[in-house]
Amino acid sequence: MGSPFKDHHHHHHPFSLAKKLIPWTFYAMIPLVLFRLYFYPYPLHNITTPILTSSSSSVSSSTPFVAEETSCDYTTGKWVRDKRGPLYNGSACGTIKEGQNCIAHGRPDMGYLYWRWKPKHCKLPRFEPNTFLQLLRNKHLAFVGDSMARNQLESLLCMLSSASAPNLVYRDGDDNKFRRWYFESHNINISVYWSPFLVKGVEKSNTGPNHNQLYLDHVDERWAADMNGIDMIVLSIGHWFLHPAVYYEGDQVLGCHYCPGLNHTEIGFYDVLRKAIKTTLKALIDRKGANSNGINAFVTTFSPAHFEGDWDKLGACPKTKPYKEGDKALEGMDADMRQIEVEEVEAAKMNSTQLEKFRLEALDVTSLSLMRPDGHPGPYMHPFPFANGVTERVQNDCVHWCLPGPIDTWNEILLEVIKKWDYESRREE
């Protein structure tokens, strides 16, 4: 399957878009929760506005900022109070998925909006939308992955909208899983591609098998077919690997995860996640590493959920403040998923040291996100869930992030890495 964007043309070029087994008792309900949370749909429409020009021009020499020469470890730090509040008004941003618009859905507490991440050994500046737009001028930025990729994308669109209005020029697929916005002011395209495994996959459905099918040695061409027209890419996967699945490699069944009734070897999902990331990064290196315009790539690390008990229990994620430093340790599945992603990024960087136009970084947000149990929609994934009184059972989203919310910090770090890369490029000129 090729790109869903294949019929939308561009002026310059076409966009052809076990470890050991984990305990079943601990994760038995997580796939069901995630499946329910990922599918509360948008209305479906096709927008026929043409995609406008984008090229891979270098950043203007008049970029209005001074980048830091030294790198910063953003992974260690603490959340501190910030009287300035959020970077944008959720009610005024039109790109937020309804389930993450917590204030509009009646969330009564506002304290979660007044925190900022403070790294231990360096500074994280407040997001500056004009700087981001200037750095991405004439480029195509793509977010590829599951609904956490979409969550991060929608955060970024809101953060940029105060400086330049994004124009939705394309949408397609169930739940509008493939969309593109155009920023006319800076000739920027920003897209989102639904690809919950990054590799080729067949998702479970009500009419087909009750498990996913992953082909670990084939990248998902729904996004990879567009690779030549992408200048910067943010990859984000993890949660969909918890679902029941059968895995294929070399067209042979490799094993499965939670597949009772099928005559396949249970291998869990840790090694499978590693293979999927390895295949994806190899495809980027092979197709773009020596390409004339190259690519800048990020892997956003695993985002922890914060369920306390059953997903449909009142108070499933009841916290209203961040954890304090030392209150919560990164461990278990959250730590293992992050470690795999970071290790594969480092391995790919080692394999691409001779490629001048391929840059890769882990956007390591797992620890700082773990400290924000207060940042999820919870019951406010639906509008005014207690309008008719409080009930013992209510659906909760303790996976995705409210907008505005902690996920905005991910994009602040994203900008700082882009600034660092630009600084390094200028030194090499």
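For all residues, glycine too, the Cβ spot is worked out from N, Cα and C.
Note that the structure is predicted; figures quoted are calculated from it, not measured.
A 10 Å cutoff on Cβ-Cβ distances gives Ser147 (active site, nucleophile) a total of 24 other Cβ atoms nearby, all chains included. Swiss-Prot lists Ser147 with the feature active site, nucleophile.
Annotated active site, proton donor per Swiss-Prot: Asp397, in sequence order, evidence recorded as similarity to another entry. Under the DSSP three-state reduction, Asp397 (active site, proton donor) is assigned to strand.
Annotation comment: Swiss-Prot describes His400 as active site, proton acceptor.
Taken from Swiss-Prot, the feature disulfide bond covers Cys72-Cys122 (among others). Cys122 (disulfide bond) counts 14 other C-beta atoms within 10 Å of its own C-beta, drawing on all protein chains shown.
A 10 Å cutoff on Cβ-Cβ distances gives Cys93 (disulfide bond) a total of 20 other Cβ atoms nearby, all chains included. Summarising the annotation, Swiss-Prot assigns disulfide bond to Cys93-Cys158 (among others).
Other C-beta atoms found within 10 angstroms of the C-beta of Cys402 (disulfide bond) number 31, with every protein chain shown included. Reduced to three states, the DSSP call for Cys402 (disulfide bond) is coil. Residues or ranges marked as disulfide bond by Swiss-Prot on the basis of similarity to another entry: Cys102-Cys402 (among others).
What Swiss-Prot records for Cys317-Cys398 (among others) is disulfide bond, and it gives similarity to another entry as the kind of evidence. Around Cys317 (disulfide bond), taking its Cβ as the centre, 21 other Cβ atoms fall within 10 Å, counting all chains.
For Asn46 (among others), the entry in Swiss-Prot reads N-linked glycosylation site.
Less than 8 angstroms from the CB of Asn89 (N-linked glycosylation site) sits no same-chain residue that is six or more residues away. Taken from Swiss-Prot, the feature N-linked glycosylation site covers Asn89 (among others).
Positions annotated as N-linked glycosylation site by Swiss-Prot: Asn189 (among others). In the shown protein chains, 26 other C-beta atoms lie within 10 A of the C-beta of Asn189 (N-linked glycosylation site).
Sequence annotations record features per position, and here Swiss-Prot assigns N-linked glycosylation site to Asn263 (among others). For Asn263 (N-linked glycosylation site), applying a Cβ distance below 8 Å and a minimum sequence separation of six or more within one chain yields no residues. DSSP assigns Asn263 (N-linked glycosylation site) to coil, not to a helix or a strand.
Asn351 (N-linked glycosylation site) falls outside any helix or strand according to DSSP and counts as coil. On its own chain, Asn351 (N-linked glycosylation site) has Lys282, Ile285 as residues at least 6 apart in sequence with a Cβ closer than 8 Å to its own Cβ. The feature N-linked glycosylation site is assigned by Swiss-Prot to Asn351 (among others).
Marked as motif 'DXXH motif' by Swiss-Prot on the basis of a curator's inference: 397-400.
Restricting the average to the topological domain 'Cytoplasmic' (1-20) gives a pLDDT of 53. Annotation source Swiss-Prot lists topological domain 'Cytoplasmic' at 1-20, citing a curator's inference.
The annotation topological domain 'Lumenal' is assigned in Swiss-Prot to 42-429.
What Swiss-Prot lists as transmembrane segment is 21-41.
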For a quick check of understanding: among the recorded positions Cys102, Cys158, Cys398, His400, which residue's Cβ has the most other Cβ atoms within 10 Å? Cys102
At the level of the C-alpha atoms, what whole-angstrom distance separates His400 (active site, proton acceptor) and Cys93 (disulfide bond)? 18
Three-class DSSP secondary structure - Asn189 (N-linked glycosylation site): strand
I'm trying to understand the geometry here, so how far is the Cα atom of Cys93 (disulfide bond) from the Cα atom of Asn189 (N-linked glycosylation site), in Å to the nearest whole number? 18
Compared by Cα position, which of the disulfide-bonded residues Cys72, Cys102, Cys158, Cys317, Cys402 is the closest one to Ser147 (active site, nucleophile)? Cys402
